[in-house]
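Below: the structure, in structure tokens.
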Amino acid sequence: MASKRSVTVGGVQIGGGAPVAVQTMTKTETANLQATMDQIRRVADAGADIVRCAVPREKDVEALKTIVRESPIPIIADIHFNHTLALKAIDAGAHCIRLNPGNIGGPEKVAEVADRAKAAGVPLRIGVNSGSLPKHLHDLEMTNPVEALVTAAVEFVGLMERLRFEDFKVSLKSTSVPNTIAANRLLSDRIDYPLHLGITEAGTKWSGSLKSAVGLGTLLADGIGDTIRISLSTFHAEEEVKVAWEILKALKLRERGPVLIACPTCGRLQFDMDSVVAEVERRLEAYDDPIEVSVLGCAVNGIGEARHADFGITGAKDMGMIYSKGEPIKKVRTENLVDELFTEIDKYYASGKQVTRDATAAAEAAAWLAEEEDATAMTPERLAAMELEKAKADADAIDEALSPVAGRRFTRA
Ligand code: SF4
């Protein structure tokens, strides 16, 4: 279930039905003010709603005062082992403190932090990681790691409630994608506090993005999770933010900036689509509107599945075409496709989101498209459409009462 409760981190609501918040963590030494602030501004530009900074030393908590004052987005102080730093981070103005109640020195120290946080109106994130479970759960961890994680989280929640502190969100993370999914599903059934989702140490940009998309995407599709952080082994924290946004955009949970659609290419490709797609993606970064732009590697399918795109291009050897909402705009030389596409997009915005079409140019483009189209070709798109139709027909034939799995996608077992 989606979290009923919410916390507010420096003005950003998390939980209680608010849009899923994107967060990341700076990779700089926090005390290096120049580097840390540069990175915070970059992640804010990339769309981070909140950013977390590690605070392992006195000089970091000192720097936090300036960081909180100058940051364009709320700051979470990430504290381990040292509850004094947590107290100082609250005094420094941090908008939220992340701590693991299991490693901060015992319930009395947790109580001290909770009291100070309560007085300052600062929420906490209490975290449980697969690598740092309390000792008494180590045996359970060997036999049932998911239950061990959930038990630790529920125990911490109980501790906070006994301390009469309820202004917190919970994270429950594992390096295992299936365990993260199973544990968060169980936890969301047991508590109604906001959940922070992440896959611990997910890996490199490539594998980490995929693991995160599978793990977090599965939970988010279930309606579980109120804020996400993608953990990638890269110094460029903005890459984590971009991946988080792609996951949220793919699930239609939030909108931000353009959506690029590109065919996977196949043997029918007749122009250098790799560099065209990369160039289109790069130039789209300058736009904030959630415009949909499509790039097709050939015109064999006509405009086909890109019919809904706000703008698109398709090309052959020498010539290509620009279209909008399934209708041709003009034919252009392949080497000018990208420039002309952005000319049309800019005209669209300059005229208050009106597509401008010259009838002669559009007719020329339609004639070119008719020549290029081949209604008999078995393209990947047509095969996919046929498979989809067959799947729909098969699904219609399923007797729901007899099938134990029919209609159970995205539901908890
Ligand atoms: S047939 Fe489809 S996948 Fe192949 S190049 Fe054309 S549009 Fe791309």
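Note that Cβ sites are derived from N, Cα and C of the backbone, with glycine treated the same way.
What TrEMBL annotates here:
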DOMAIN    5-245  domain 'IspG TIM-barrel'
DOMAIN    260-347  domain 'IspG C-terminal'
BINDING   C263, C266, C298, E305  [4Fe-4S] cluster binding site
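This view paints the features noted in TrEMBL onto the structure.
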residue	record	CB count, 10 Å
C263	[4Fe-4S] cluster binding site	22
C266	[4Fe-4S] cluster binding site	12
C298	[4Fe-4S] cluster binding site	24
E305	[4Fe-4S] cluster binding site	16
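Mean pLDDT for the domain 'IspG C-terminal' (260-347) in the predicted structure: 92. Summarised by DSSP class, the composition of the domain 'IspG C-terminal' (260-347) is 29 helix, 26 strand, 33 coil. Shown in sequence order, P264, T265, R268, L269, L296, G297, V300, N301, G304, T379, P380, E381 are the same-chain residues outside C263, C266, C298, E305 whose Cβ sits within 8 Å of the Cβ centre of the [4Fe-4S] cluster site.
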